[in-house]
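**Student:** Take a look at the following structure, please.
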Amino acid sequence: MSAIVDVIAREILDSRGNPTVEADVLLESGVMGRAAVPSGASTGSREAIELRDGDAARFLGKGVLRAVENVNTEISEAIIGLDAEEQAFIDRTLIDLDGTENKSRLGANATLAVSMAVARAAAEEAGLPLYRYFGGSGPMAMPVPMMNVINGGEHANNSLDIQECMIMPVSMGSFREALRCGAEIFHHLKKITDKKGYPTTVGDEGGFAPNVSGTEEALNLIQEAIAAAGYEPGRDVLLALDCAASEFYKDGKYELKGEGLSLTSEGFTDYLATLADKFPIVSIEDGMAEGDWAGWKHLTDRLGRKIQLVGDDLFVTNTKILEQGIDQGVANSILIKINQIGTLSETFAAVEMAKRAGYTAVISHRSGETEDSTIADIAVGLNAMQIKTGSLSRSDRIAKYNQLLRIEEDLGNTVVYPGKRAFYNLRSR
């Protein structure tokens with residue numbers, strides 16, 4: 001038995017300079033697990049609640065001392081003496097202790113920090129790398145990265161309505177080569193945007209935020225950078241979008257202010273279909289607002305056979321909502337954000353449900369990140385085959401990529417890089 005003997009939480013800073021929760025879990029053997037939780041800017045209304053202090057005198061109300069106190073008192077008292085290897089039981093203890101549907105009493109930032117730290121401690125105690133602790137001894141695949149190279153929407157101060165324009169290297173034989181491809185494209189994109197007179201400052205997730213005229217110009221810049229780096233768009237590198245459509249859905253219309261467009265659900269589907277015809281787009285995240293289920297159904301019926309349609313705000317890593325989507329034939333993929341649900345066990349259940357239904361599961365960071373690299377181990381351990389963890393700058397993003405490099409090295413020739421096979425939910429790829 002790997003008994004928990006102490007649980008300690010503290011307030012640290014995330015990549016945006018906002019407070020977040022870090023937790024240490026100590027076992028009787030002397031082993032310790034440490035984990036820190038992320039925070040989002042564009043959030044779904046049904047996400048688990050991160051507990052903030054609301055004290056305007058500290059961090060503009062964004063302090064997390066209440067969540068820290070909850071870990072150091074109630075949560076600590078509830079799990080000290082439990083076996084760290086019993087992840088599901090510990091997570092259920094946290095859920096029951098909170099007692100709310102959305103973890104609003106203790107805070108999902110409190111429960112998740114502890115859930116992750118328990119897993120790290122248990123893996124260390126077992127002498128296993130975290131990805132093996134999550135996934136067992138079977139064959140594993142490296143994830144294809146979604147690299148957010150141009151930021152818009154809530155992640156940047158520009159006129160681009162679409163929140164993320166991403167590249168996905170798919171023709172390479174290894175994750176290492178895919179990462180090199182992405183980095184080379186990123187550096188060429190910097191040169192191209194600079195030459196065109198755009199600023200090369202970066203957004204929350206490390207991508208550039210040029211004040212482009214619209215989505216097509218952004219994608220053309222990316223395609224130019226892909227070619228300049230010596231790769232072929234559509235063969236070596238595919239494109240992906242995160243619309244974050246809930247952010248510009250107003251009174252039943254999709255208001256793309258940067259492009260001067262006001263579109264119905266059908267009109268926005270046409271807009272996305274046109275982009276997919278012009279560019280090698282393989283994935284569109286949150287292509288409709290979270291509450292526009294009729295729009296989602298229309299989008300899925302129209303594009304779901306050839307485009308990965310990822311539900312983020314739509315599903316918020318919640319199995320109850322995902323089950324509704326599967327039953328109604330809405331989307332064909334789920335974005336997995338550990339802090340949307342608040343425990344690892346619930347996160348893993350969402351991945352399992354998606355796979356059983358033939359949906360893909362994309363493991364994702366948040367716009368407010370830390371140096372914690374747990375999601376890299378989750379992506380490999382659960383054989384998710386896709387990861388979304390930002391651009392090729394900012395150490396909070398690079399921490400995940402570097403961990404994936406270490407994992408690939410550790411696995412050697414037993415691991416595969418799936419490339420286009422990662423899109424097992426599509427029939428025409």
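Just so you know, glycine gets a Cβ as well, placed from its N, Cα and C.
A quick note: this is a predicted structure, and the numbers were derived from the prediction, not measured.
Here Swiss-Prot flags Gln163, Lys337, Arg366, Ser367, Lys388 as (2R)-2-phosphoglycerate binding site, drawing on sequence analysis. Swiss-Prot lists Glu205 with the feature active site, proton donor, giving sequence analysis as the kind of evidence. Per Swiss-Prot, Mg(2+) binding site is recorded for Asp242, Glu285, Asp312, and the stated evidence type is sequence analysis. Feature annotation from Swiss-Prot assigns active site, proton acceptor to Lys337.
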**Student:** For the recorded positions Glu205, Glu285, which one has its C-beta crowded by the most other C-beta atoms within 10 angstroms?
**Tutor:** Glu205
**Student:** Reported as an integer number of Å, what is the Cα distance between Lys337 ((2R)-2-phosphoglycerate binding site) and Asp242 (Mg(2+) binding site)?
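**Tutor:** Checking the Cα atoms of Lys337 ((2R)-2-phosphoglycerate binding site) and Asp242 (Mg(2+) binding site) gives a distance of 14 Å.
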**Student:** Beyond Asp242, Glu285, Asp312, what residues of that chain have CB atoms within 8 A of the centre of the Mg(2+) site's CB atoms?
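**Tutor:** These residues sit around the Mg(2+) site: Gln163, Glu164, Leu241, Cys243, Ala244, Ile284, Asp286, Val310, Asp313, Leu335, Lys388.
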**Student:** How many other Cβ atoms sit within 10 Å of the Cβ of Gln163 ((2R)-2-phosphoglycerate binding site)?
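**Tutor:** I get 27 for this one.
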**Student:** May I ask for the distance between Arg366 ((2R)-2-phosphoglycerate binding site) and Glu285 (Mg(2+) binding site), taken between their Cα atoms and rounded to an integer number of Å?
**Tutor:** 14
**Student:** Work out the three-state DSSP category of Ser367 ((2R)-2-phosphoglycerate binding site).
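**Tutor:** The residue in question, Ser367 ((2R)-2-phosphoglycerate binding site), is coil (DSSP, three-state).
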**Student:** Under a three-state reading of DSSP, tell me whether the residue listed as 'active site, proton donor' is helix, strand or coil.
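**Tutor:** In three-state terms, the residue listed as 'active site, proton donor' counts as coil.
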